[in-house]
């Protein structure tokens, strides 16, 4: 609560704001609460030069932590604790040994002295004083003639001009890794240390007459270098002449900004901060920018706003006793933080005048920290639960999966993204065809590199780059490939070869081609540019390209047409099941594995997905991934059991028929992840002898299947939903879609900076109230030059007809 402090139940140790404590008491009957309230005492200069205390109420939040730094000499804390007894609100000030039983006193003391779980997740090193490096006194510096200019620095291995570090042994200027404080890089400084063992580096741009930021790779922490002036002078740097500058560039250093780091973040442009509802930033918890960017885009959509923020009182009323473990409660709280405007307020005029008079700038206490939300949504996931950078597209699908599994009312907000894809597969020899449909949430567009309009410039740049590398000269200014959007759309609609195609007409393997079309158009179209791919050496790489994404998009010509006159369907015959002599030598469709890996999923998880779905293709394997992303062994290597083990205990893994014809749970989960109801998925699998592909066809050919009531299944479904009290009553008519015209308008995009999904930084641009706004973690500003051509994920909304 912003003013009332925090109430902690002495039985469950759960915290509540003032507006929810009465509801918790009525719901649980718990009557003893610890009331915590913190006052911030600001030191105001007195007439005699001393500091007089100025008392303010500190705003305490369960999870929406204000992004401010009160840990300085200008502030002190006064904590107030009371024991509150309900229903009479009888208060007992603490400490009070005389009136309270010993057990209650011990419990209160333990709670007051406990360390916050948020602080436990953060390193404590920032609280400690820096120590002198053990390498500072004996550091050996190479006499190689390197001299560092006072400005205009650039990483010697890439085109980055931010987060640059000077190695104090050989004078190499290299980029660092991505840090929580907003700086970014590709990790070349660390790679250089691993190759050479040179331990100390100083961050360029931080050198002043008072010192500099020094990092020890060997000691793995920031350190002090008592001899920093001498070490810098070796490379021609005079500390007395240095001042802190942004990226080391002075005002008269006019350089074109072509690096994606600079263009996407709109560096070098004075951006106007935005405040109010819908303009709230999010704190970067350490490589959590992918989550911040996706959630800003999600909560700009009215359907998600209505489902969670509009239903916030109802969600809170029906929340479980432990709301930290409820998806809908966490979504509602995060949405309220972003949309209420309570955590995005402009500075007061008095504060601005004070800053001008003191010639200093203090960061505003705005923004929210999604720490509890991230802890819950990533729980049990091997990647999202870490502090490593992740793929925003993969997180988007993970979020949609959780939304599907936790309905919040009669309207499921994820319905706005869902659409049906019609796949037409043709046997090249018999010319017969098969039409199938699948559910999808993202339109993935390939990058048509062969259609670049500036090929001559690219060739010239590549020659200059190689010459510069050979001569160890500065690299030339980057030239980015310009790809027409129409070429990417054409590549999406062209037929693709089907690897290892089995023709039911020939009852043998044959050549086959597949074409995808839209069987329905979603309310909101999410377009992913497939920038991440694999090189010839199988090393993931990113295509640094510029695509002229349109503000208005019409894909009506991609609408599915179904079986055409004169076309003959392939017979509905399943391929024979071949059990290899050595199951461990079972073939896995590597092309499907690579398609999934290009989406950012772990390679071993992709192999398991293709294996457990019987090599039925990347689409079916993709749905297996979505259904199993939260399993602890999701990214563990595939272990194929021996044949005897499969026959006895691995039946479900291969999709064989059980004794009671109960479909394997894995196949049921795959169909549920596609948007079908559980009862319908089980009915379809039973009707097709647990053949996943035929089950999909069965669902689409039976629009009104008979309902089967299974009390055990109903109980299981209720247990799997944290908000079971507000489950919507939905039919089993198949996946819910919101079909309409295929004409769209761009309203947002997420951009990625860096060379891989496992590194770099994400930024979100959204169009609000007729103007573009950039969301860069805590920083929310009016955008001056939105880089629409460099985006990674684009969000379009349908234009009403």
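Positions of Cβ are set from backbone N, Cα and C atoms, glycine also.
The annotation active site, nucleophile is assigned in TrEMBL to 289. Non-local contacts of residue 289 (active site, nucleophile) by the CB criterion (under 8 A, 6+ apart in sequence, same chain) comprise 389, 761, 762, 763, 777.
Under the heading active site, proton acceptor, TrEMBL lists 761. The 10 Å shell around the Cβ of residue 761 (active site, proton acceptor) contains 26 further Cβ atoms across the protein chains shown.
The feature Zn(2+) binding site is assigned by TrEMBL to 155, 158, 175, 188. Sequence-distant neighbours of residue 188 (Zn(2+) binding site): residues of the same chain at least 6 apart with a C-beta under 8 Å from its C-beta are 155, 156, 157, 158, 174, 175.
On the 0 to 100 pLDDT scale, the model's mean across the domain 'UBP-type' (131-239) is 84. Under the heading domain 'UBP-type', TrEMBL lists 131-239.
According to TrEMBL, the domain 'USP' annotation covers 280-799.
For the domain 'UBA' (587-628), residue counts in helix, strand and coil come to 30 helix, 0 strand, 12 coil, using DSSP. According to TrEMBL, the domain 'UBA' annotation covers 587-628 (among others).
The feature domain 'UBA' is assigned by TrEMBL to 662-702 (among others).
The binding-site residues in question are 155, 158, 175, and the one with the fewest Cβ neighbours inside 10 Å is 158.
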